[in-house]
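A.B. asks: Pulled the feature table from Swiss-Prot, pasting it below:
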ACT_SITE  E324  active site, proton acceptor
ACT_SITE  H325  active site, proton acceptor
BINDING   Y127, Q188, N211  NAD(+) binding site
BINDING   S234, Q256, H259, H325, D358, E412, H417  substrate binding site
BINDING   Q256, H259, D358, H417  Zn(2+) binding site
Amino acid sequence: MLVLKTTDQEFSTRFQSLVSDRREATVDVSGTVRDILAHVKAHGDAAVQEYTSRFDHYSPHSHHLSAAFIAEQAAKCSAEVKAAIELAAERISSFHQKQLPQDIGYTDTVGVKLGLNWVALSQVGIYVPGGRASYPSSVLMNALPAKIAGVERIVMTVPMPHGEINPAVLAAAQVAGVTEIYSIGGAQAVGALAYGTETITPVDKIVGPGNAYVAEAKRQVFGTVGIDSIAGPSEILVVADRQNNPEWIAWDLLSQAEHDPSAQSILITDSESFAQQVIGAVEQILTTLPTTKVASSSWQNHGAVIIVRDLAESIPLLNQLAPEHVELCVDNPQLLASQIKCAGSLFLGRYTPEAIGDYLGGPNHVLPTSRSARFASGLSVYDFLKRITYLECNQAALQAIGQSAVTLAETEGLPAHAGSVAVRLQGLNDM
């Protein structure tokens, strides 16, 4: 765990090292993934079955989950879990419903009609991780924006190691209205969604997080299909003053550290004594935390505490780090928030732990990682929509602007472009 002070002579060098820290998988899986994708593309269901048997030790007659099986598994959830899923779905839906954009259409001063129509994607694949990362919240965060956008066909893949699945995942799928679900995972699931098999019709876009093999598979099928992003390890940056309870902040830092040994948790504070209290609280919690093996590895190898002269000094540092999650645990957090240009999502004030956003705050928890918040945003309704623009010229409009189009086409050395306009202008002149 790294402790930095902005007053230290070597701060700039050490901070830049932190900024450039690459926490993605160091093992190159591209060759293995390329082989899996090629095999799935060539052999379809047989290849999917082969890899599922090898990696998940599961060989069902069909990977398609029946409505009866989904209902049976979902019914295993307690009433409390079902109610929590329904509340989360309600809040996520409400926030994303407000994102729906309006079409644009107008006629300009020369009579040209111009416009832009928003059109939903036809079919989308949602990858839901299995094993340790089998999260019902991921189902809601990926499926509900697609449903609200108007996607007609939503396909979900989720691995079932040894034939087992978290019932809450299927309960979330029920609530989100996802009915086409296949018990496959890994690069083979991405290949099946992208290329199709005898039983799985290919989709237009694939969204959802996964391990290094899933991430690489999404990278390789991009172009054949669209993808949301290449997800890296989780990140949280907490800006906190000494008025906070250090134990609260320690729990916040560990909330991301427990995701992955490569996750990163950073505290920025203007109080050295408070920083030490938080470090002590983290170490104390780790002695009893059930996920301590993962969280300890993350905290020791990638955690950081940065002590600044004042909290205003945190802003340029934060914008360079461009973290996935940012907590502003201060009074009047909007003052700092208004200066933040590079972050996946903000959690404002002392009573908004990032975990609220993970589950049921409303905004999406699928967020840019690995400093991609410099240029990317979290998943939203817009990820499931396309924009189609249109133009319509009447005779007068074409006569008003056509000759300039001819001039530009001739300047670019494209005579057929020029001719397609010129013949119409000539025809109008001959009328």
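Any Cβ shown, glycine's included, is placed from N, Cα and C.
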A.B. asks: Find, among the recorded positions listed as E324, D358, E412, the one whose Cβ has the highest number of other Cβ atoms within 10 Å in the structure shown.
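C.D. replies: Going through E324, D358, E412 one by one, the largest Cβ count within 10 Å is at E324.
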A.B. asks: Say we define neighbours as other CB atoms within 10 Å of the CB. Which of the recorded positions H259, H325, H417 has the fewest?
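C.D. replies: The recorded positions H259, H325, H417 were compared, and H417 has the fewest Cβ atoms within 10 Å.
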A.B. asks: Please report the Cα separation of E412 (substrate binding site) and H325 (active site, proton acceptor) in Å, rounded to an integer.
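C.D. replies: Counting only the Cα atoms, the answer is 47 Å.
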A.B. asks: Show, in sequence order, which residues other than Y127, Q188, N211 on the same chain lie with their Cβ within 8 Å of the centre of the Cβ atoms of the NAD(+) site.
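C.D. replies: Apart from the listed residues, the neighbours are P129, T157, P159, G185, G186, A187, A189, V190, G210, Y213, V214, A217.
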A.B. asks: Rounded to the nearest Å, what's the C-alpha distance separating Q256 (substrate binding site) and H325 (active site, proton acceptor)? Just drop the number here, would you?
C.D. replies: 9
A.B. asks: Indicate whether Q256 (substrate binding site) is helix, strand or coil by DSSP.
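C.D. replies: SS state of Q256 (substrate binding site) = helix.
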A.B. asks: Taking the Cβ of Q188 (NAD(+) binding site) as the centre, how many other Cβ atoms fall within a 10 Å radius?
C.D. replies: 29
